[in-house]
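This report refers to the structure that appears directly beneath it.
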Amino acid sequence: MSDNSQKKVIVGMSGGVDSSVSAYLLQQQGYQVAGLFMKNWEEDDSDEYCSAATDLADAQAVCDRLGIELHTVNFAAEYWDNVFELFLQEYRAGRTPNPDILCNKEIKFKAFLEFAAEDLGADYIATGHYVRRRDINGTTQLLRGVDANKDQSYFLYTLSHQQVAQSLFPVGELEKPEVRRIAAQLDLATAKKKDSTGICFIGERKFREFLGRYLPAQPGKIVTVDGETIGEHQGLMYHTLGQRKGLGIGGTKEGSEEPWYVVDKDLDNNVLVVAQGHDHPRLFSNGLIAQQLHWVDRLPLGAPLRCTVKTRYRQADIPCLVTPLADERIEVRFDQPVAAVTPGQSAVFYQDEVCLGGGIIETRLVD
């Protein structure tokens, strides 16, 4: 038996295939394994209730199959205060936040980590994220997952090296088809369950309708880059840079039939600015300013750094130069122009397979 037999790991069981296989792999590695199902949303919503009940039943079925205990905990208050309120605040300000990043920071790797250690006596927590970790020179690095299509390091850049050191990511070493194959071989209840794509913990629902419950819509003009009013939007919060669908406008009478894209949001005047064509110059930026910086395994940046950046999930890496500014912000200059750089989203930095950290995009640079 490996020396892992003295170590207790609590796996965050979501009711999905990745966390299910993670629990199995840790068992195979000799750890003492138990599961924890987190309930994070309390709003009165029958659809969500059904989905959460199904997820809990699936998590329980997997734990029964593997012969491990499943604990449950309610983090709804923490989620509301530390994730959802901030999410609404960002939308109110006309920015487009990423709730999954916030949720990982505040719930999965803070509330869960603390609860597992203090209440359940865990040495480690584990999740079904497609990332890896590496211990090197007395610190722990966060690495991209082996499966480039599923790599989730973009969503975990806010973790400290201490949090990474207390976390295990078993499926990060595998490709997704292999994870599905293992689940099928074990006849796990989640083997064929589709991946969730909704807002972290709130599930899949009609986003516009959902947001409208919490934020009053503020209709305004849709204006072309030349200043012509061509329609009305129902609220800037429903639109993001680079968006093409859902604008409700066709070609202009004398102009081209090329689709319209959102190229800017004038927050002061509540105006949505659009242009035709996916390669319109107004869609592109040469850089960005980022704030709320977090570096996984290093102190704040003291000198310019050559690395690569992603300004959204699943984007190809963009070579860039990162320069620290005086007020705990950074300026990032891309080697080539990048489309749809969106304030409120995260810019995440890499050197080869290592995720260095990132920050929130404050403004995009067009000069």
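Keep in mind that glycine also has a Cβ here, set from the backbone N, Cα and C atoms.
Residues G12, M13, S14, G15, G16, V17, D18, S19, M38 are given by Swiss-Prot as ATP binders; from G121, G128, G138, G145, that same site also lists G128. Closest by Cα distance to D18 (ATP binding site), from the recorded positions C103, H129, Q345, is H129. Under the DSSP three-state reduction, H129 (site 'Interaction with tRNA') is assigned to coil, being neither helix nor strand.
For the recorded site, D18 (ATP binding site), the DSSP three-state label reads helix. Around the Cβ of S14 (ATP binding site), a 10 Å sphere holds 22 further Cβ atoms from the protein chains shown.
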